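Chemist: In case it's useful when we look at the structure, here is the feature table from TrEMBL:
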DOMAIN    202-409  domain 'BAAT/Acyl-CoA thioester hydrolase C-terminal'
ACT_SITE  Ser229  active site, charge relay system
ACT_SITE  Asp324  active site, charge relay system
ACT_SITE  His358  active site, charge relay system
Amino acid sequence: MSSQVRLRLLPSARCLFDEPVQVKVAGLRSRQVVTMRARSMDERGEAFSSSATYRADGSGEIDLDRDPSLRGSYVGVEPMGLLWSLKADSLHKYFYKNKALSPHVVKFSVHEEEDAEEGRMLAEATNERVLIGEGVSRRRIKEGNFQGVLFTPPGEGPFPAVLDLCTFMSEKRACLLANKGFVVLAVAVYIDKPDNNKEMYLDHFEEAVDFLRRQPKVGSKGVGVVSRSKGADIALSLASFVSGVEATVWINGCSANAAVPLFYKNRQILSPLLFDSSKIILTESGASIIKYGVSNPLAEENRGSLVPIEQTRGCFLFVAGDDDLNWDSKGYMEEMVERLKRHGKKNVQSVSYPRAGHQLEPPYGPYYPSSFHGVMGRPVMWGGEPRSHVAAEVHMWKKIQEFFRTHLSCDAAQTKAKLQTQIR
């Protein structure tokens, strides 16, 4: 490495996963052209990498907040481009980072530009992107008919409570929300193989809601629910049938109960919206577009699967990527907004993101256009144009926090009473 060249990560080389980092290089020759690289490995041992070519200014400096990439994994000014463009060598891989206790480690480096694959390294730096913040506690929960992971912020509270309904277990979104001052319980929709789930029971998720409401640091009267995909229709059902759900965030899901019957209090409350596999479109990459196989929830024969959200008293935030290739999320969202308004409900917000795909997540993780679908059992296309999709994630993440802070008011006296009861 060159002792003259310095690669800096600002404000610090260690930060939270959902925080931006400024990448700067100094000590280069005036107008020198170099290649910037990033490398990381996910929890399954899959290697991901990205690269971009930059030209230094007259002072021999590069600032990714200011300077455009000339070529590589992306082109133009993209301050976090080396992170969101991280990509595996093989097709249909997503960056598997679901455990809260280990950071997302990214190694940045600067290289001389050569015709060969990689020139001499001039400088390097390591970015530790932490999921769980200082003082946030993590506790595994197995109680009654549900299991999950509970994240609690430091301090006495009171804190608003949020149930994070993941289609498959992931701690990422839950612990990042806990860093912002929410008590969050992450619960998976599927704890067994999807094929083994012949029906679902809303009672099990109601138990999770009740557990959250009993937590001593929780000061909100009710709970919020955040969800995506299959978790999103379970969230709609919780809001519609279960008391204590005050604010629901629905991200890229369906307006009907998908795949299997839903039971509550010993009876079936919603029939399944079925899937027509003959309408799957196979692309040249080997990944499928499954969006068109989903039956129309508004068709007369499917009315029994439509979630009756009009009967809820809680608030909704609907989020849809216009280019979601998993569901017709924007269409479902527009129908639900219209239905709520038709029933005189004013408790709804909605946002759609042009050219964003299905996998809308907390920001600054690697974007992936396709990966293996855990329910379908095949690689699928998720949709989205990279720049538009990652910009949507940044905006959505702030929007979710604002929504919950607005609609989950906290009562300090209620929290104090819970703590006193627990001490006794």
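Glycine too: its Cβ is placed from the backbone N, Cα and C atoms.
Give me the structural setting of these features: burial, nearby parts and distances.
Modeler: Here Ser229 (active site, charge relay system) comes close to Thr167, Ile251, Asn252, Gly253, Asn326, Trp327, His358: these same-chain residues lie at least six apart in sequence, with C-beta atoms under 8 angstroms from its C-beta.
Every protein chain considered, the tally of other Cβ atoms within 10 Å of the Cβ of Asp324 (active site, charge relay system) stands at 27.
His358 (active site, charge relay system): 25 other CB atoms within 10 A of its CB, across all protein chains.
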